[in-house]
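**Q** First, the structure itself, so that you have it in front of you.
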Amino acid sequence: MRRRKTRTIYLGNVPIGSGHHISVQSMTKTDTRDAVATINQIKRLEQIGCEIVRVAVPDLEAADAIKVIKSHISIPLVADIHFNYRLALKAIENGADGLRINPGNIGSRAKVEKVVKAAAASNVPIRIGVNSGSIEKEFKGIIKGEGKKLAETTARAMVKSALKHIRILEGLKFHNIKVSLKATDVQTTLTAHTLLARERDYPFHIGITEAGTLLTGAVKSAVGIAMLLLKGYGDTIRVSLSAPPEREVVAAYTILRALGLREQGAEVISCPTCARSTIDVESIAEEVEQRLLGISLPISVAVMGCAVNGPGEASRADYGVAGGRGRGVIFRHGKVTRRNVDEASIIEALLSEIDELKGRR
Ligand code: SF4
């Protein structure tokens, strides 16, 4: 697939744009004012490969907490701010690497100028974020019709809103911008990106907003994000889930890996199980997946339930186990390394084959 050509911006040391890999981000779900809880959550995200983290900044106490949070983490931090320019200034002063704020919602020109000046001085990019559910009144009249027509008119209203905010920044000679256009349905999201891509070359932050709980949200996000990526849109992604943020990161990498866009980390392949299964595939696969989070080399690990189809599949993966009468056969790069491993020892036996984990034991 060909990526839409964009300019590059930098969030801290992470480049975002078509000349670079598609970065993975998440958002903390802790109270930002609770710096310890927020740092701990970000550290867990760092361990599993999250590359950018966003924190909500609802008040000055939260903006103040950024200082201590930043001193304990190593990935770039984006401050998510609604309306209040003082919070934006404080966040920049405390070391935020990026802002998510819509300049059109800040208020007077003087306030906007202060924020933009501070952002420019600290080389802090601003993300303009338009959500279909909160389009300004002035553009709501554009939204008409049903079905396809509704998707198209909603997308047009979203793009008009985005351009309004973009022009404010451009008017102040500020181009360190990325844009997100999030709708709850895939067609509207896709149309909005297509329309804005004709107008500007700023990188896109993509995702499906309010996607849902773990399973439904991940599926909906995968469909939406994959459609955008296949059209070449998307330079950084966040999967939004009503689930722990670590799950968002896993979902994001899974989507990128399925499309061949990132190879980092372990892919666990497991069979759906059937009456032939002789081991507890589900719980073994779940635990193996958890234990392999954060691994940096691209590897595939198969967990298969029986000796009928299992060995073939397991041997195609880098590492694998296939069940047989409550016991397991362990494979490594296509060769059997251990037979007759009892079920309780399968996970340890499988993980002990993985080179990258050896240094951690
Ligand atoms: S690998 Fe074996 S247990 Fe798993 S679905 Fe296939 S036949 Fe069933």
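Glycine too: its Cβ is placed from the backbone N, Cα and C atoms.
Any TrEMBL annotation is an automated prediction that lacks curation.
In case it's useful when we look at the structure, here is the feature table from TrEMBL:
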- CYS271, CYS274, CYS306, GLU313: [4Fe-4S] cluster binding site (BINDING)
- 6-252: domain 'IspG TIM-barrel' (DOMAIN)
- 267-355: domain 'IspG C-terminal' (DOMAIN)
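Looking at the shown structure, can you explain where the listed features end up?
**A** CYS274 ([4Fe-4S] cluster binding site) carries neither a helix nor a strand DSSP state and counts as coil. Within its own chain, CYS274 ([4Fe-4S] cluster binding site) has GLY305, CYS306 as residues 6 or more apart in sequence whose C-beta sits under 8 angstroms from its own.
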**Q** Neighbour count, 10 Å Cβ-Cβ cut-off, for CYS306 ([4Fe-4S] cluster binding site): what number do you get?
**A** 20
